[in-house]
Amino acid sequence: MGRKLLTEHINVEGIHTFDVYRKHGGYASVEKALKTMTPEEVVEEVKASGLRGRGGAGFPTGMKWSFLAKPEGKPRYLVCNADESEPGTFKDRYLMEKLPHLLIEGMITSSFALGARTSYIYIRGELLYVLRILEKAIAEAYANGFLGENILGSGYSLDLHVHPGGGAYICGEETALLESLEGKRGNPRNKPPFPAVWGLYGCPTVVNNVESIATVPWIITNTAAEYAKIGVGRSAGTKLISAGGNINKPGVYEIDLGITVEEFIYSDEYCGGIWKGRDMKAVIAGGSSVPILPKELILKTAAGEDRLMTYESLSDGGFATGTMLGSGGFFVMDDQTCIVRHTWTLARFYHHESCGQCSPCREGTGWMEKVLHRIEHGHGHMHDIDLLVSVAKQIEGNTICPLGDAAAWPVAAAVRHFREEFEWHVKHPQAATAPGAVFNKAESVLA
Amino acid sequence: MEQTASVNQVQFSEGAMAEIRRYLSHYPADRQKSAILPILHIAQAEFGGWVSPEAMDLVAEILNIQPIEVYEVATFYTMFNLKPVGKHVLEVCRTGPCMLRGSDQLIEHLENRLGCKVGETSADGNFTLKTVECLASCGTGPMLQVREQFYEDLDPASADQLLEDLKALTVRKPWEENY
């Protein structure tokens, strides 16, 4: 049984209210930080904890904080990225809905560390119902003296607001998010300058994921040294995993980084195995952008070692045989899943979500979608399969923001690991387009 | 002529204006344009589930910006309906993780029940059927959203029940009592 740093009290009745949250030790980090620590000490503590950004990139949170410029006479901002839109990922929504005060506590402690006087939570527009939960909780925090002027008599003041997006995956990219928060289209900015220097309204800004910010209270209250004891090596702490797809027990699980992938999928404590008594075909382990892996490679590395739920182990083997922990959006495909059809839905997603600013992404995502559509619907040619790889390659690394990479990787990986299935669609269009038809490796060899 | 005169008179109710003022107070005085997305959400709820050019002009007026600045934003973000819609807009997630759990079948079922295709409105005007991309509900798919509400783990029976419930529902605005 792993330790629950974030979710220990998540099922306590009334935990979404200030009083119950406070009774269970809530807001202790605000008291400790504001009364006994300097902002620099809070930054150092988060640095020492080894916490890495939980939005997907895995960049060390404390280091990101230490890059924040501090010019005289300019405000600094902390913006929480609650634009959770990566297919397969629903942990932040769960956390905010159930434990709004945990995020607010994290925002206060983190804002204090960064010297921000106004902070924003940018939440995806589809989650307006969660915005209302957060706003209620923020009002409670103001009423109890944890937000507003002179918090707990410390002299530190903070205003916190929730800002809804309008339905755009791209706004999860931090500079697109800032553009959006300024009331514009969500077109990512060229970097540098980075937000730490030129962020919201041209001021130094830190953008952090919900889960990262929600982890700060535990680190401050219990110390970085205690946090760093959990996990394996550079994968410190716990991680929320959104488990979905064809499993018996979908949901959000807080795991110690370092358990095996096999345990996560098959143990009753987590996913509970594959649904309907079926076998597992493939897994996308870190949100739809990361490479899909077939059963053999998700359970064991190419070297035959157990694959672990850590940043390092999941990426072992690079993209040839590995993948990424990413956002922790973990979804499992059973043996009845058509990989071509599934990849087509993802390509369609990225085409839909490309902001259109860079030609390789704007044109390439649409191109890949079209090619996958024709293969899936029985009109593909053999050279289409290599065309997919070629288009993906030409998008990758050639765009302002990582959406291009995110669109290219899943397509390239699907062809890499499931080429025979794509070929079967081309060679046997009638069989492949029959209702419910699924590629079967053994039968295909016989044919 | 008569129609032009009436649509040009679109105005926010007092309740909606109070919400708008609350959002405006969140941003620096010289950065009021930041409130554009919150206000567009309010406009969509206020004016029957879609944002007309007249409504966008009104938003521009409130923010003291050019109408084009509102148009370019409203057309970028997928949540804003730029054409009239039915009483309820069913937004069905169709991305990979929901597909694995049966969103294709749900969409087909709804098309048959409503007698209209994705992108269309049912003949009785009650439902507009839309597909959307991932709504962060991957563990509880297939699912759909209506205004702010998520309806999850749907199957044909629960989807049919939902349609019946929605038909009977009185649509309220977020700032109204009993919302």
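The backbone N, Cα and C atoms fix where each Cβ goes, and this holds for glycine too.
In TrEMBL, annotation is done automatically, which means it is predicted and not curated.
Under the heading [2Fe-2S] cluster binding site, TrEMBL lists B:Cys93, B:Cys98, B:Cys134, B:Cys138. For the recorded site, B:Cys98 ([2Fe-2S] cluster binding site), the DSSP three-state label reads helix. The Cβ of B:Cys98 ([2Fe-2S] cluster binding site) lies under 8 Å from the Cβ of B:Cys134, B:Ser137, B:Cys138, B:Gly141, B:Pro142, B:Met143, each of these being in the same chain and 6 or more residues away along the sequence.
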Where B:Cys134 ([2Fe-2S] cluster binding site) sits in the secondary structure, as DSSP reduces it to three classes: coil
In three-state DSSP terms, the structure that B:Cys93 ([2Fe-2S] cluster binding site) belongs to: strand
Surrounding CB atoms that lie within 10 Å of the CB of B:Cys93 ([2Fe-2S] cluster binding site), all protein chains: 29
